[in-house]
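S.K.: Here's a structure for you.
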Amino acid sequence: MFDVQREELIWGDRKLVLETGKTARQADGAVVATYGETTVLATVVAAKEPKAGIDFMPLTVNYQERAYAAGRIPGGYFKREGRPSEKETLVSRLIDRPIRPLFVEGWRNDTQVVVTVLSHDLENDPDIVSMVAASAALTLSGVPFMGPIGAARVGYLNGGYKLNPLVTEVAESTLDLVVAGTQDAVLMVESEAKELSEDVMLGAVMFGHKHFQPVIEAIIRLAEKAAKEPRDFSPPENADVEKAVLDICESELRDAYKITVKQDRYKAVDAVKAKVVAALCPAEGEQKFSPEKVKAAFKEAQSKVVRWNILDTGSRIDGRDVKTVRPIVSEVGVLPRAHGSSLFTRGETQALVVATLGTGEDEQFIDALEGTYKERFLLHYNFPPYSVGETGRMGSPGRREIGHGKLAWRAIRPVLPPAHEFPYTIRVVSEITESNGSSSMASVCGGSLSLMDAGVPLRRPVAGIAMGLILEGERFAVLSDILGDEDHLGDMDFKVAGTDEGITSLQMDIKIAGITEEIMRVALAQAKDGRAHILGEMAQALTAARPELGEYAPRIETMQIPTDKIRDVIGTGGKIIREIVEKTGAKINIEDTGVVKIASSDGKAIKAAYNWIRSIVAEPEAGTIYDGTIVKIMEFGAFVNFFGAKDGLVHISELAPQRVAKVGDVVKEGQKVKVKFLGADERGKIRLSMKVVDQETGEDITEKLKAERAERGEPEREERSDRGDRGDRGPRRDRGERRRESSGE
């Protein structure tokens, strides 16, 4: 029934198994990949006919995690998986980016790659396994895919590289890098690093490329046994139409691409395009070529004109040379009520970035396969259509916005202060108000400035720069701080962020079949120079965090209490903690370790809450005299609030030196008194005395009373440790039960 084919190999000290022929047999390609005990299913389905009227390759990648993979039931009301999580979106992009350039040019059939996590051992992250499985499924499917690709995660531990580190090892590593590529070249890099050098980063990329070669070889062996017949597809011949278009528009396109203002340049290019379409696709008469082919050829002509000009003259669209960064203006404190804000402008790219500080209550709960955890640093990136002078959809963030936000998050996170030094939840929001290339890196620069404006003590300022590439045969040019057109018409988008000490984040997307180590080395060196220049420009606004938090930011006071006192601070059903919050106005967060965080923008509120909690957890000293207030009168004595929130009992025998017949004859509720703390009994009940304290002066008169008794010839009274408990007895029926128990009934 099943024609199962398998390939196994030991990879990074663990077994990798690729299997096909048993699961999802109606898909064009299906592979189950298992690494350790993490298992994913990757499927590929491509439409039988091309999609009409489009000039792009319609590829969709969906990565989905199932809660059962980790033996969990989803949270929420419906108890089933819902919209994609942030991680699912990011891994979908991670799979998409290295495979998209490898489809044959002109492929217009809807193609969908679906990767489902079936089992997760909580040690091997499913993302690398998913990339490998997707590559294998595409290679088997028969679609025109020039793969396979391999992928690997690289860590940097104790001065050495680690292939596919476990989840626990990644947390300890100074590098988390994912690299993907073919046998010959690197296609994609995604990483977060703790200020590592360019040499270490490049070494990690090449280390990963070398060590995923056995995976590519295993996929090839599997394809030799199980691949389907290749689709009958030939790339369209467009040489004639491309020549006709270029003959008409080359000169005018060159002139249009000398216009430095983006909107004016776009108008000029659109005018040239309209002229070409009118010439080759007239409304009346014979059309030499279809409008779709002419428009596609015009796009190719745009690319050729821009690329030739850069390679031949070294001059770019806006007149810069390949290494020059656009003019930069950095401003901070631009929003009066925000905790921290900045407006970062680089050429025609602009980001308004705002930092907000919160308490532990504001941390984000993330429900992942590994379990639920809290995240204290959030970075959100918004790209409204007006930023490029267009109308468009508004609403929840798309994949691009989530991906760009995560890239900026990775760039800034390594320089944040640890939570025990700066116990705030931090949210950064980047509003892209203008865009002409590299808006994610503008978010990094603006985010760094806004955090320093808010008083967040970053280890060092962070800047980011986007590098581009023009590659024609043996000739290439690496471009610093690329424009949007250079991104669209070029071969690479290589983003590098870091401090003056090293790289914190690196992302590379290649639109061709890969780049060499030499090109990456040149790009990293050029990016380092550009990053240093940008940091210098940012320093004109701020060089370090402000010494004080923003005027409207909350202040947080941290205190440590004994863990056995947490219950006392919270109270029954949260009664006490709610009362503290309501009366002081402060926010309070108590951790299981006994760490208490008190937050408010009002210093007096923090002090009041701090003293209140301290009074609950602090212990009075035996023999010490305290001021107190009568809070309740009983037949057997009076309860006194005497030590912050602590109450204790003054037994009727301890109210006055003389015999007291009725408690109300001596004290009234609300009366201010002075009491001596006698201690606590074995049940923790607090015993107090008024009779041994001079209520006028607060003096301890114990010895004076002893002397008076001695003069009267009265015997010395022995202190009874349980006298304070006599009035705390239960109802008569309870006492009767105790007597019956003692008599053996």
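Glycine is no exception: its Cβ is also placed from the backbone N, Cα and C atoms.
Keep in mind that this is a model prediction, so the values were computed, not measured.
Annotation source Swiss-Prot lists Mg(2+) binding site at D487, D493. Here Swiss-Prot flags 701-745 as compositional bias 'Basic and acidic residues'. According to Swiss-Prot, the feature domain 'KH' maps to 554-613. Residues annotated as domain 'S1 motif' in Swiss-Prot: 623-691. The feature region 'Disordered' is assigned by Swiss-Prot to 695-745.
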S.K.: Which of these binding-site residues has the least crowded Cβ, counting other Cβ atoms within 10 Å: D487, D493?
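M.R.: Sparsest of the binding-site residues D487, D493 by Cβ contacts within 10 Å: D487.
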S.K.: Reduced to three states, what secondary structure does DSSP give D493 (Mg(2+) binding site)?
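M.R.: DSSP call for D493 (Mg(2+) binding site): strand.
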S.K.: Mean pLDDT for the domain 'S1 motif' (623-691), as a whole number?
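M.R.: Here the predicted model's pLDDT, averaged over the domain 'S1 motif' (623-691), is 89.
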